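Residues annotated as domain 'Metallo-beta-lactamase' in TrEMBL: 13-171. The Zn(2+) 1 binding site feature in TrEMBL is assigned to 56, 58, 114, 133. Here TrEMBL flags 60, 61, 133, 171 as Zn(2+) 2 binding site.
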Ligand SMILES: [Zn+2]
C-alpha cells in the first residue's frame, strides 16, 4: 500500500507532517515545530510514531522534540553538524546516510544554505521529499548561516529529483513567494495561473502544499536561474547561474 501523509499547520505558518507506512505500521514525524498539534494528529490518525526526523536546528523545527519523546519514546534523528542544538537527539545523520522505513529507503541529502547543517529527506520509491526550510513553494529559505553559492548548490541537487516528486516544505509562505516570483518572472503564464490558484486557496485558509519538483521548476524563480526571461528582468543575460540565484535572493530579501 502507498504511504499515507497527514499534513497540518503548527504555530502560525509552520508545517507538521506525519508519514505512515500501512504495511510496516511505521510512522515518521518530520520536524517538531510544536508538540500539541502533532499530538493531535497522532491521536486523529491512530498512527504510532517510530522516528522523528529533523531537518535543521531552528526552534520552530525542534520545539516539540522533548515533549514528543517523553510521550512516545521514538528516537530523534538530526543533522550531524547541528547535533548540539537539537534537543533529545539520539542519532546524527549526514549526506548519503540512509534509513529504512518499512520497505522504503529514506535518503539523507545535505542541503546547506538556510543553516549550515540543513538536510533534506528524499524517499525515491515513494516519489516523496521533505525540504524543511531549503526549498519552499515558489521560494527558498533565507541564507542565515551560508553564502549564496552554498544554497545554490543545494537547490541544484533538489532540482534534479524527478518532476513528479511530491515535496513537503517547512512553511506556508507560498502567497508572499508568489508575489515576488511574479515581479521577476511576469510573463510566465504557468506562474500566473498558479499564483491565482494560491490566492484562492489562501482566501479560504487552505494549505498550498505539498508541491512537486515539476511545479517548482516551472514557477519557482530560485530554480529558474537559467531562464532567459528572468535573466532579462535582472539585466543578467550573461551571468553565471549561481550569480543569478544570488541576485534573486538579494532582491527577495529587500522585497
Ligand atoms: Zn529555519
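In case you wondered, yes, glycine gets a Cβ from its N, Cα and C as well.
Caution: TrEMBL annotation is automatic and unverified by curators.
Annotated features taken from TrEMBL, shown on the structure.
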residue	record	DSSP class
56	Zn(2+) 1 binding site	coil
61	Zn(2+) 2 binding site	helix
114	Zn(2+) 1 binding site	coil
133	Zn(2+) 1 binding site	coil
171	Zn(2+) 2 binding site	strand
Near ligand 1 by the Cβ criterion (under 6 Å), the binding-site residues from 58, 133, 171 are 58, 133
For residue 60 (Zn(2+) 2 binding site), the number of neighbouring Cβ atoms whose distance to its own Cβ is within 10 Å equals 19
Same-chain neighbours of the Zn(2+) 2 site, Cβ within 8 Å of the mean position of the Cβ atoms of 60, 61, 133, 171 and not counting those residues, run in sequence order as 14, 31, 33, 55, 56, 58, 132, 170
Comparing local Cβ density (other Cβ atoms within 10 Å) for the binding-site residues 58, 61 points to 61
Residues lining the Zn(2+) 1 site besides 56, 58, 114, 133 (CB within 8 A of their CB center) are 55, 57, 61, 115, 118, 132, 134, 141, 144, 170
The sparsest Cβ environment within 10 Å, among the binding-site residues 56, 114, 171, is found at 171
Expressed in Å to no decimal places, the gap between the Cα atoms of residue 114 (Zn(2+) 1 binding site) and residue 61 (Zn(2+) 2 binding site) is 13
CA pair residue 60 (Zn(2+) 2 binding site) / residue 133 (Zn(2+) 1 binding site), Å rounded to integer, equals 11
Taking every residue in the domain 'Metallo-beta-lactamase' (13-171), the average pLDDT works out to 98
Residue 61 (Zn(2+) 2 binding site) to residue 133 (Zn(2+) 1 binding site), Cα to Cα, whole Å, comes out at 9
Residue 171 (Zn(2+) 2 binding site) sits from residue 58 (Zn(2+) 1 binding site) (Cα to Cα, rounded, in Å) at a distance of 13
One should report the C-alpha separation between residue 56 (Zn(2+) 1 binding site) and residue 171 (Zn(2+) 2 binding site), rounded to whole angstrom, as 13
Here the Cα-Cα span from residue 171 (Zn(2+) 2 binding site) to residue 133 (Zn(2+) 1 binding site), rounded to a whole number of angstrom, reaches 7
